[in-house]
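This is the structure I have questions about; it appears just below.
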């Protein structure tokens, strides 16, 4: 069955208004997409994190006429529509198309991230099985890749690892598969903790090796290795707390940082850590160091 697809160029402030309007006129789905390959910056509390220039993508059942639909939207919102485009698209197996787009990826010398439905390219390598879900972290983003490559290059034997802002659990699970004794994960999002637990089970990691907590429930820990792939603002504001979670001589890896934010984040940790040169990839950076 064909579908009518309508794409609208909006600002974050317009998102809720147009989402409600599209659903009211019969959209079967409404999705927000990055219009210009931009990073998501830290949102205000209790708001949807969106890009400065966002595309709203709405799908309608085949046979829906675009012109009266768009006119109805203008009546509902009380203003002319922003820049928009409509087209009829053919149906496809969306799940299969998505699965085909997620292929095994290698990080460093030992580590592979492998979709759970895909055969491991190197069965004797360290293979982390993963299903992308609601939480961030599949290895495709430069910040995740930078952290995975760093973990692959570390000797993690007998180490306790803390993954602060664990998302899908990919970093903590990678650390465990690479030899860590235990990994603790924490995230503000309950769905992220559920995704971490599911992905740990997929990799035969026992619950006791990977305890998960909301931040307010996190016990007092001292980690041999702390990884935090979140955002620059929280990394700066949480610097005293995160520094205090790392043992003397322990290691730190931070990402989720735009290149222009790197110096500010590094400065927040410089008094407690001997920092390595900043690693850069595609406009994002990783900051690593050792606790004094």
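For all residues, glycine too, the Cβ spot is worked out from N, Cα and C.
Straight out of Swiss-Prot:
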type    : residues           : note
BINDING : 144, 165, 187, 229 : S-adenosyl-L-methionine binding site
Relative to the Cβ position of residue 165 (S-adenosyl-L-methionine binding site), how many further Cβ atoms are located within 10 Å?
24
Starting from the Cβ of residue 187 (S-adenosyl-L-methionine binding site), draw a 10 Å sphere and report how many other Cβ atoms land inside it.
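The answer is 25.
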